[in-house]
Amino acid sequence: MPKFKTHRASAKRFKRTGNGGLKRSHAYTSHRFHGKTKKQRRQLRKSGMVSNSDMRRIRQMLSGLK
């Protein structure tokens, strides 16, 4: 049976945390900030965590990462 390959686009977007979670960055942060409040922009700068419902699928894409 062939080895699983890491999905390279996903590997660039997610980082593993110490407890085995996955860290991600928020969407809507590249342009068009004039429609967002100061609070929204500040909160979008912080990283988020991958939800439990998406975790299994993303872990499978990142199977080759340590």
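Cβ coordinates are placed from backbone N, Cα and C, and glycine is handled just like the others.
Some features that Swiss-Prot has for this protein:
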- 1-66: region 'Disordered' (REGION)
- 1-16: compositional bias 'Basic residues' (COMPBIAS)
- 23-45: compositional bias 'Basic residues' (COMPBIAS)
Q: Summarise the compositional bias 'Basic residues' (23-45) by DSSP state, stating how many residues are helix, strand and coil.
A: 11 helix, 2 strand, 10 coil
Q: Mind tallying the compositional bias 'Basic residues' (1-16) by DSSP state, helix then strand then coil?
A: 6 helix, 2 strand, 8 coil
